[in-house]
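Annotated features in TrEMBL:
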REGION    A:1-45  region 'Disordered'
COMPBIAS  A:1-24  compositional bias 'Low complexity'
COMPBIAS  A:28-43  compositional bias 'Basic and acidic residues'
TRANSMEM  A:57-80  transmembrane segment
DOMAIN    A:115-329  domain 'ABC transmembrane type-1'
TRANSMEM  A:119-140  transmembrane segment
TRANSMEM  A:152-172  transmembrane segment
TRANSMEM  A:202-225  transmembrane segment
TRANSMEM  A:266-288  transmembrane segment
TRANSMEM  A:308-329  transmembrane segment
Amino acid sequence: MADDVTAPAAASSATSTVARSAGRAKARPADRRPGGGRDERGAARGRAGVWRKRAEIALFVTPALALLVAFVVVPVATAAQMSLYRWKGFGPMVDFVGLRNYVSVLTNEVFTDALVHNLIIVVGSILLQLPLGLAIALLLNRRMWGQGLLRTIIFVPYVLAEVIAGVVWFQLLQPQYGVIDTMLEAVGLQGPDQGFLGTPEYALWTVLVVLTWKYLGLAVILFLAGLQGVPEELYEAAQLDGASWWQVQRRITVPLLGPTMRTWGFLSMIGSLQLFDMVWILTGGGPANATTTMATFLVNEGTKRQNFGIAGAASVVLFVVALILAVAYQQFVLRRDNDDAPRRRARRAPKEVER
Amino acid sequence: MRGATAVALGTTVALLAAACAGQGTANQPDSSEDADASTITWWHNSNTGDGKKYYEEVAADFEAEHEGVTVEISAMDHEDMLTKLDAAFQAGDSPDVFMERGGGELADHVEAGLLKDISEPAADTISTLDAYMPGFQVDGASYALPFSIGVVGFWYNKALFSEAGIEKTPTTMEDLYAAFDKLDKAGIVPVSVGAGDKWPAAHYWYYNVIRECSAETLDAAIADVDYSDPCFVKAGEDLEELIATEPFNKGFLTTPSQSGATSASGLLATGKVAMELAGHWEPGVMQGLTEDGSGLGDDTGWFPYPSIPGQQGTEFAQMGGGDAWAVSQGAPDVAVEFAQYLLSDEVQKGFAELDMGLPTNPTASSAVSDPALAELLEVRDGAPEIQLYLDTLLGTSVGGAMNDEIALLFAGEATPQDVVDAVQSAADAEQ
């Protein structure tokens, strides 16, 4: 359930820039090697060439770097700076409190609960969406009538703006007057008295269901794309060997879909950690703080209560949590893909960019 | 190298995740000395129809009377205005005349040196606004001129009340519970509350505090940062008792206050519930939520929050709040004159005639045309004291903590003592 595709996309393009420039740096000595016996003029020309190259790199990298600094590095640094002060959003920032804001955030039950909610959503959305997405992708990969239409329908929730989807679900889930309660009543059932979103015990699970509905399309589309990369010959060979449909899926499709699933898992995890808009619209973090996330906590503290120091500390904690999980995921899950043979990496790279 | 890439990618993602979090700059407010002493920038939120036109005329009249003075008006949507004001405060570039809500927020602005002390130059106007001034003063100095003050009470549907056989509007808690019973028996949901937004739920607790605690106790508690007086816990217990009668609309814990037909105001406007505790803005909000734009129309009624037997608080004391014109520190002197002009008899009368708010200038009260609002105004003018909304009074930080805890009380997950503790610890953190 990637919350914001642009962020991971930007991230992957950033790494590909890094990879590419690293490749280029390595390529330089390689070109130079045959010119080892050049005369001095040649060497001077080579030096000039190096400088030209550097200027070129600087020219092309500067705009992106400037944007990154202005919109990512500076805000992050400001948040970190803010986290050390008590500041209400106006006037000079002078009330230095050291790490007190961090203590207050980490001992705040609302924040630790929010962190737990985030983790439940990280795990929950992967557990729900992976099997569902895989099953639907396998189904939709078969030649059948209305295939294109079905694919589109599955993908529609993902295309809808978060806010619109949130408002629609909020209305559907209204207790008593909502469509879902009315439908339940029609078949003789009764929803929870205070509604699905109004009952603290159900609210988080309800949000998780809505998130699954919203982001399942992304998983399905990615898996379908991954399925296109599985060579037809393998299926044919398996069929010649007498493998059943199930065996083909288990032994060929799913293992070859591994890299796609792991990448999707990464996107989903980051989206779950950042989760804000859907929760904000559906419950605002309520009832009784049953659905707060780290993002709603820091918005509440920052813009509502104007405790910018606390919000800054919370955002730094969110940053650290996201960093640890992202690096751990890279190290333990995506590493298998990163260590793959270069040929396979090369094949996957363009797919990542497409996304 | 590969590990480095992994870390780089991880960092980038985490950076992006956190970047949305940290915004806002810490610029020093250089108390923008206006080089041009004859231009007044004025921000207000009457950005539609007659109200906007009226304020343009007011500015033009002022310009005509003061040669060489220009008033630059920015009329914007309320939420936009709040955001822009915050940004302007941060940048140290606030408008000359703008809206303040008083209480702790105003005190914070004063502390940050954003507001001009207008006690001296506006003394005459201030003397006519005595009843409303306490919320807009810090250490005896006045910083804003309240121009519209309303009080919170129960807005009710007259038709549903008579359908349930309620002849007299409740004046005590007993009466209120009896009314709940009658409505329940008639199959009508008694009350809607937008507890999803927290503050509408919190208003119940505030009123109980104003009923249970004397004004002196409350003032002393705020001044000494000591909320140990038992009346605060009592207020929460009264609220628990009210919640236990289950008068609220289904799903009230996530009901928003004012947006859409399923909000607390929407439920009242569409006849789904019989009453709602809300401020003077309610008729306007309800009009916006009904298709024909009339809200409850002639069925709109209003009665003040009931009294509690054995209460320590002053009888008929009301809770409310509103807007005031503040002048920023660096504004030219003529801006103070302009703020006073906005409180003058003629400007306030026009303001009242257009139902733009509840005028604070006594001469303008009779000009309010809406009957329900006129009723509310009568109660306001007759009130021995008007207490500012407690969250505004205590400032956003304490107010937010308080409202969150009261919302938990509504959910049955906090005790009356928890609410008091939350207020106490948030207030302690401010010290």
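Just so it is clear, glycine is given a Cβ too, placed from its N, Cα and C backbone atoms.
Caution: TrEMBL annotation is automatic and unverified by curators.
Taking Cβ pairs closer than 8 Å, the transmembrane segment (A:266-288) reaches residues 1-5, 7-8, 114, 118, 121-122, 125-126, 129, 162-163, 165-167, 169-170, 173, 194, 197-200, 203, 206-207, 210-211, 214-215, 218-219, 294-297, 299-300, 318, 321-322, 325-326, 329-330, 333-334 in its own chain, all 6 or more past its ends.
Contact between the transmembrane segment (A:308-329) and the transmembrane segment (A:152-172) is not supported, since fewer than 3 Cβ pairs fall under 8 Å when only residues 6 or more apart in sequence are counted. When each of the listed stretches A:57-80, A:152-172, A:202-225 is scored by C-beta pairs under 8 angstroms to the transmembrane segment (A:119-140), A:202-225 comes out highest. Long-range neighbours of the transmembrane segment (A:152-172) within the same chain, counting only residues 6 or more positions beyond its ends whose Cβ lies under 8 Å from a Cβ of the stretch, are 136, 140, 178-180, 197, 210, 213-218, 220-221, 277-278, 280-282.
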